[in-house]
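Pulled from TrEMBL:
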BINDING   Asp258, Arg265, Arg280, Glu310, Phe350, Arg427, Lys433  ATP binding site
ACT_SITE  Lys260  active site, N6-AMP-lysine intermediate
DOMAIN    338-473  domain 'ATP-dependent DNA ligase family profile'
Amino acid sequence: MEFKVIADYFDKLEKISSRIQLTATLADLFKNTDKTVIDKVVYLIQGKLWPDFTGQPEIGIGEKFLIKAISIATSAKEEEIEKEFKNLGDLGQVAFNLKQNTQNSSILSYFGSQISQGLTVEEAYDDLVKIATSQGEGSRDIKIRILAGLLKKATPLEAKYLVRFVDGRLRVGIGDATVLDALAITFGGGQNFRPLIERAYNLRADLGNIAKVLVENGIEAIKTIKPQPGIPIRPMLAERLSDPQEMMEKMNNIALVDYKYDGERAQIHKSKDNIFIFSRRLENITSQYPDVVEYVSNFIRGEEFIVEGEVIPVDPESGEMRPFQELMHRKRKSDIHEAIKEYPVNVFLFDLMYYEGEDYTVKPLPERRKKLESILSQNDKIHIATHIIVDNTDKLKEFFYQAISEGAEGVMLKSISNDSIYQAGSRGWLWIKFKRDYQSEMADTVDLVLVGAFYGKGKKGGKYSSFLMAAYNPDKDVFETVCKVASGFTDEELDNLQKKIEELKRSDKHPRVDSEMIPDVWVTPSLVAEIIGAEITISPLHTCCKDNYEKGGLSVRFPRFIRWRPDKSPEDATTSKEIYEMYNSQLKKIDDKTSENI
Ligand code: ATP
């Protein structure tokens, strides 16, 4: 397949701002894509070579070397490219202009041989893979040489998008939700097939794999798709409530209640001799936990399975739970074997989703837990989450206090009804979280995405000191602003943030951000922060749920930063709908208080 086809569509997509049109154009691209490369095309439009969970490296060429490659390919001087880059702010456009000038002058002087032939998707992809995977001594020169070769052969438009891809600035603004809609249109004939495709995606969070199954075996195969060890399942999530009685009512007065551990969620896959561990945001974190790999391989029976639990740091002496922040040492330490000794962990398993070819996500929780217990040899390193069956509020409260006194964060109520399946990728009432209170009117914190930053005044002049934060709206696949947060950061956190913003800043608003406010710099949605506030109010400045109210959108009043949530991707942020529900339950509380006082 010609790479030109993709470049032409990139060009179209970039000019579209309506989601409907974006989806239709993407569906059109899928129709025009060769069967053999559909997965690659899906990854490329998302600015990737492969899904994040593979843990394989992405391109990794800095701007300086990108300029070198453009210079080799076009014979333009590096200084000239740098100057144009300063003018245009986009290396892709610079490459386009240079290629076009070369071609025009070649045509004028009848040097047809200078005209680039264009690339195929296969060769572009294969070379990009070579660039990403070449490592060690001399790899920098190899990367530059391969890229220069590609750019030489590319047409001007192909060069523009190749450069943007390598630079990590594709700017076509396509999220997973839009890809799912487009796949439904192309392979199912309409958007009404979206739930079916989404279910498959929830079980195998690899859009390329799903597209391949659709192309090769059609929509019927999608209906019967099962989890596949090695491809992460999108996690099942809990709803939140603060009143124990309401929780029990939601559970029909009977529930399995687990300790809610404050650690790192771990989805553990075994496939023959390989063990993989995926994080809450489905990144491959296997290398951080060689000890967990060993526990799983020694103490869980089976050839192929997927289980889920929480990894928590424990005191090496007493075995007591330690604060979740200690897990960060696992991420920083270059010598992981030292970290294992200094910061040991325990694993508390709470679910089983797949076992020896059988899809357990469709089975009710009691059956999943029974199987999990039967395959695990429990010991002091790897256990089943502490739990009881609860059928009244007093018992629930008692267990909750016991959990907290032992260092847990609270409890998780889980439905044990016949329909208590593992709802991959969705937040529902089959699980309810009951956490320690945060001494605030807001019953829980929210996780918001950084989309813009403002310079401070006075002492903080010249530094970014307040930040525009947004919730995720999955229906529209956009980020809607909720507040501007300036407090709660330590000086060190603020300093680190300056650097991160320099990397993520952009000259224009990201196409997936919906904002009335205009910050000093826009930021590509990528960082997620946990925020607490006094309450949720309506504000004319914010866009979250703005269609529901005349006077503006929902906003968090007096927001305060608590911590970064590197385990969450922007699409895992609190959704606009959740903020809407939090607002409504807050209104209900105020109503209840008022009627108590009457
Ligand atoms: P969410 O994952 O719901 O978006 P979050 O990441 O902010 O929210 P919490 O709201 O604190 O986290 O609660 C959910 C998390 O609790 C799960 O993702 C999981 O990591 C953790 N957890 C700890 N113990 C359990 C348990 N027994 N069952 C399920 N999840 C548990």
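A Cβ is built for glycine as well, from the same backbone N, Cα and C atoms used for every other residue.
Across the structure, the residue listed as 'active site, N6-AMP-lysine intermediate' and Arg280 (ATP binding site) place their CA atoms 15 angstrom apart. Counting only residues at least six positions away in the same chain, the Cβ atoms of Pro235, Glu264, Arg265, Asp567, Lys568, Asp572 sit under 8 Å from the Cβ of Arg280 (ATP binding site). Of all the recorded positions listed here (Lys260, Arg427), it is Arg427 whose C-beta has the fewest other C-beta atoms within 10 angstroms.
Residue annotation for ATP gives Asp258, Arg265, Arg280, Glu310, Phe350, Arg427, Lys433. The furthest Cα pair among them is separated by 18 Å. The DSSP breakdown of the domain 'ATP-dependent DNA ligase family profile' (338-473), given as helix, strand and coil counts, is 32 helix, 57 strand, 47 coil. A 10 Å cutoff on Cβ-Cβ distances gives Arg265 (ATP binding site) a total of 17 other Cβ atoms nearby, all chains included.
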